Amino acid sequence: MEVKNFEVWDYVVFAALFVISSGIGVFFAIRERKKATSREFLVGGRQMTFGPVALSLTASFMSAVTVLGTPAEVYRFGASFIVFFIAYAFVIIFTSELFLPVFYRSGITSTYEYLQLRFNKPVRYAATAIYILQTILYTGVVVYAPALALNQVTGFDLWGSVFATGIVCTFYCTLGGLKAVVWTDAFQMVVMTVGFLTVLIRGSADAGGLHNVLEQSANGSRLNIFDFDVDPLRRHTFWTISVGGTFTWLGIYGVNQSTIQRCISCKTEKHAKLALYFNLLGLWVILACAVFSGLIMYSHFKDCDPWTSGIISAPDQLMPYFVMELFATMPGLPGLFVACAFSGTLSTVAASINALATVTFEDFVKSCFPHLSDKLSTWMSKGLCLLFGVICTSMAVAASLLGSVVQAALSIHGMCGGPMLGLFSLGILFPFVNWKGALGGLLTGIILSFWVAIGALIYPAPTSKTWPLPLSTDQCVPSNVTESVPPLLSSRPAIAETWYALSYLYYSAVGCLGCMAAGVIISFATGHQKGKDIQPLLIRPVCNLFCFWSKKYKTLCSCGVQHDSGTEQENLENGSTWKQGDESVLRNGLRRESLVHVPGYEPKDKNYDNMALEKITHF
């Protein structure tokens, strides 16, 4: 393969991204130096507004996996990826209306702190350990995959880009904390959007207009979006993406520390919800850009596929190769696209490092050393950022074994995120579930999701379920063409044709539903949790929606939780106040001598406000 090297202007544009990102970290380190508390460092003093948080959320999860992987998926398998529009909408609605209110009103910093308040310490520590493993693995994929693709296509140094990413992210996370991460993400989101738009405008013009792109894509069966086949073994159908994708991304958004940490950094619950809903618009924009980039790329390569012809060695190299061809005579623009890809990488890695530092500090360090001074806490938080920056960068080495970047990333989230989603759902939705059910359910979900995922890695799904749409090499140079045939499968057990062949988007659903089913059964078998022992703020009795006509049935569904003490149930549903000092005040399981920091309610605005939290913490 001919490697097309960067020119001077490409390096200038790319380097500007790293310089500005580092500069934001330095700016916040200087600006916030007098507010040297771990709370200020890890959650931005809980005074962020929804705008930058929304951009940060979008940038954090629309990583280089999206920039490079999604267009390649669309190029090979068609535009059915656009059905993620539906999954994203459900995910944001469930997160903002179901999970966020519980986390926000509890005044927690680590989402796993909730698990101790609802269950006990072992459940909290088990969940934290799984999250740390999941995030380190995922971050390794995010760092390594784009670096490898860009190296093989553009000649950009592989390990240079890997270590530059790790060093810059660690630098501005360690210096500026969450505020630096959020504002840097906002800047990187703009870079990602500009990079995509540049490719879309130039690519559609090169193809003779968007109409030609759509016509050629339709002729190549790339616009057969709505495939309603219910077969769960099919890689991408309407159901695997809309249902499986909802479970997968709900594990990423609804209960993920990186997401919730940004939301609870907002100054009011209303701002947190607005951040999520505006983030949904950002997710839709980036998804649309990625899907149309894949269609434009197909239009460009419809007569000579560089993958099956042997010009490139992996599908993840398609987008960089396309960009280098598209902008061959326009110095600086390839550098802009690389900056776009690495913006996704930087934002995701920075979010991961900050979240890892937060859960480790809150769940382990403060548990062992509860009386640390503010200064020592801040320095320890920075030390954890540095440590996890090194670990995540090093983990990139293992990512080369995981295949397609999109499938690898979502499989990791499914394997770990599904059981975690099930665990939090047990705590929030089912008041009768006890700690034994929670721990047993988590273990069951992990076993099921890892079983199916590892089995699929050893015994890949049948090609009839995963083989790409037709790709032509008619116009390729004959000497370069290599015939692409489905791989021959050796002797396989019967389970490999069913259980191991399950679509990777269902891994999260398997883990989540397995966790919830086991948790409910174990809880009833071991003696269910008594409702009177559960603080009302820790659950969201969604079943009340189906029993709104009867106070008797609402009480029954609440399993004895004292929601209707006075008017507290109505207050919670309408966003009204939880009075400090009465029986509904949540007590922190870690520090039982002090009240948990419950954000206050502002009747005038009908909204919860983090200012009350700050007053309590400084009382």
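Each residue, glycine too, has its Cβ placed from N, Cα and C.
Just so you know, TrEMBL annotations are computer predictions that nobody has curated.
Small disclaimer: the values here were computed from a predicted structure and weren't measured.
Database features (TrEMBL):
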| type | residues | note |
| --- | --- | --- |
| TRANSMEM | 12-30 | transmembrane segment |
| TRANSMEM | 50-69 | transmembrane segment |
| TRANSMEM | 81-104 | transmembrane segment |
| TRANSMEM | 125-146 | transmembrane segment |
| TRANSMEM | 158-175 | transmembrane segment |
| TRANSMEM | 187-205 | transmembrane segment |
| TRANSMEM | 236-255 | transmembrane segment |
| TRANSMEM | 276-298 | transmembrane segment |
| TRANSMEM | 384-406 | transmembrane segment |
| TRANSMEM | 412-432 | transmembrane segment |
| TRANSMEM | 439-461 | transmembrane segment |
| TRANSMEM | 504-525 | transmembrane segment |
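Between the transmembrane segment (439-461) and the transmembrane segment (12-30) there are fewer than 3 Cβ pairs closer than 8 Å, counting only pairs 6 or more residues apart in sequence, which means the two stretches are not in contact. Where the transmembrane segment (187-205) meets the stretches 12-30, 125-146, 236-255, 276-298, the count of C-beta pairs under 8 angstroms peaks at 276-298. Proximity of distant same-chain residues to the transmembrane segment (504-525), defined by a Cβ-Cβ separation under 8 Å and at least 6 residues beyond the stretch ends, is recorded for 232, 235-236, 240-241, 243-245, 247-248, 250-251, 407, 410-411, 413-419, 421-423, 425-426, 430, 432-434, 436-438, 440-449, 452-453, 456.
Most Cβ pairs under 8 A with the transmembrane segment (412-432) among the ranges 12-30, 50-69, 125-146, 276-298 are made by 125-146. Beyond its flanks by at least six residues, the transmembrane segment (50-69) meets 141-142, 145-146, 149, 181-183, 185-186, 188-190, 192, 195-196, 252-253, 258-259, 262-263, 265-266, 271-272, 274-279, 282-283, 286-287, 290, 316, 319-320, 340-345, 347-348, 350-351, 404-406, 409 of its own chain at Cβ-Cβ distances under 8 Å.
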